[in-house]
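According to TrEMBL, the feature region 'Disordered' maps to 1-20, 510-537. The compositional bias 'Polar residues' annotation in TrEMBL covers 1-12, 523-537. Look at TrEMBL and you will find 31-53, 73-90, 102-120, 126-146, 158-176, 188-211, 364-385, 397-424, 469-488 tagged as transmembrane segment. The domain 'Major facilitator superfamily (MFS) profile' annotation in TrEMBL covers 35-491.
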Amino acid sequence: MAEQPHTASGMSVSDGLPDEAAPRKKTNVRFAFACAMLASMTSILLGYDIGVMSGAALFIKEDLKISDVEVEVLLGILNLYSLIGSFAAGRTSDWIGRRLTIILAAVIFFVGAFMMGFSVNYAMLMAGRFVAGIGVGYALMIAPVYTAEVSPASSRGFLTSFPEVFINVGILLGYVSNYAFSHLSLRLGWRLMLGVGAAPSVVLALVVLGMPESPRWLVMKGRLGDAKAVLDKTSDSPEEAALRLAEIKAAAGVPADLDGDVVAVPKTRDDATGGGEEKRVWRELILSPTPGVRRVLLSALGIHFFQQSSGIDSVVLYSPRVFQSAGISDKNKLLGTTCAVGVAKTVFILVATFTLDHFGRRPLLLASTGGMVVCLVGLGAGLTVVGHQPPGTTVPWAIGFCIASILGVVAFFSIGLGPITWVYSSEIFPLHLRSLGCALGVGLNRVTSGVISMTFLSLSKGITIGGSFFLYAGIGSIAWVFFFTYLPETRGRTLEQMGELFGIPHMASDGYQQSPEEEKNNVEMSTSTANSSHQQQ
């Protein structure tokens, strides 16, 4: 029989929590906060690359004498390279754990940043982008998954928004790096901008060593004792820790009465016949999903697609070019104004971080997308006015309007669509489908980002730069309708309760219907394990 969970004072969970134990809640929230912050620091890698490349591209083009098409490919190709990392991260994190996967991401990005900093030609620079892209893919997939799995339901939205916070911090650091090194020689300046990106990855790899492993991964590996220890440190109360453990065991297919520090996780029919867990996951998520699972998948893919197709990368990555089109020509003023974009993104992402669990996902998502549409229309109108002026003529009000519109776009993006994409997609998948589901979401996110990044300059020449932002506004309008009609509110629910919200019936292994033979085998295994444990005692 499973041992009844006890509080530090020796009181069983069923007896209730004594008043003197109340302060543990604050301590546990701080511990979960620290874990989420450390894991989310991997997102600095992507943010720094986005920010630094926006300014470095101006100097790289001049130094290496490359064309606009080559600049587009250079800036956008990292998103496609990251696909390798994001899909590999799903299997890697299930194999070696979430924590070691974060360290692997940092190491890979370090090598890529080092290669870019010492590049002597365009080909070597592209090779560095390839390696760094794999590291970014790993980081993008694993950070929200780990944070969601370690966070209590009461603060999961707050903690899971951290990856987007650190992306914005990284973007701001990249902008500052551009401005700081822009005064150096042409050959040295952009290489230092890219090379110093290796420094955060070293710090990250070291600090992650102090993090615990995800309790859900530990349960999947049968390490119940370690999982209990982590849950006890990251839950709001002993009752919640016990409840989370019971729900995770049910989601992982571990019988409720199977207890002990290390246990054998029952095998499914696929495992017994050699098909394996991977075959089962692909079947349930892609090949023959239930209506509930299909809705979860489409929700995750939809929010990832619209996050990038709304044109945020064109605003952030090409902000110096956009400001040039608006009438600002001095490079120092360009990079200085770009820093203002980074500050706006960082400030408003903090607003979202502290309001996600208060207002919920849907209100912020709808307000964010609607505000972006209005600002994108304003930016397109302002750039169109500037573009119709005779050469050499400036329109101060239009320049100011364009700057305000850009700041509005990044601000509205940061209070909703930016952080909620990662929060929402990491919390709605059933446990055994989470790694693959999140990898697919990140993959679509990066493909869409790559397409937007690698076509912006060509699109601007084809339909004018103002027309490009009108197009993004139209896509944003479609996104608002999709979010309003298709995405339910998830605030306050545990990860294991999401199935009820999306119409996934309660099944063993969090969505997998066991056969009678499997149920019989699991009961026999549970009984055998319990008898063995009793004999040892």
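Cβ coordinates are placed from backbone N, Cα and C, and glycine is handled just like the others.
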Return the stretch with the most CB pairs under 8 A relative to the transmembrane segment (102-120), choosing among 31-53, 158-176, 188-211, 364-385.
-> 188-211
In contact by Cβ distance (the transmembrane segment (126-146), the transmembrane segment (364-385); 3 or more pairs under 8 Å) | no
What residues in the same chain, six or more past the boundaries of the transmembrane segment (126-146), come closer than 8 Å to it by Cβ-Cβ distance?
-> 35, 39-40, 42-43, 45-46, 49, 73-74, 77-90, 92-93, 98-99, 101-102, 104-117, 119, 160, 162-163, 194, 197, 201, 214, 422-423, 425-426, 434-435, 438-439, 442, 445-446
Sort out for me which stretch, of 31-53, 73-90, 469-488, has the most Cβ pairs below 8 angstroms to the transmembrane segment (188-211).
-> 31-53
Chain residues in Cβ proximity to the transmembrane segment (31-53) (below 8 Å; excluding those fewer than six residues from its ends, i.e. six or more beyond) = 74-75, 78, 82, 98, 102, 105-106, 109, 132, 135-136, 138-140, 142-143, 146-147, 150-152, 155, 159-160, 162-175, 177-178, 193-194, 197, 200-201, 204, 207-208, 210-212, 233-234, 313, 316-317, 342
Intrachain residues whose Cβ lies under 8 Å of the transmembrane segment (158-176), provided they are six or more past its termini = 32-33, 36-37, 39-55, 140, 143-144, 147-148, 150-151, 193, 197, 200, 316, 335, 338-339, 341-343, 345-346, 349-350, 352-354, 356-357, 414, 418-423, 426-427
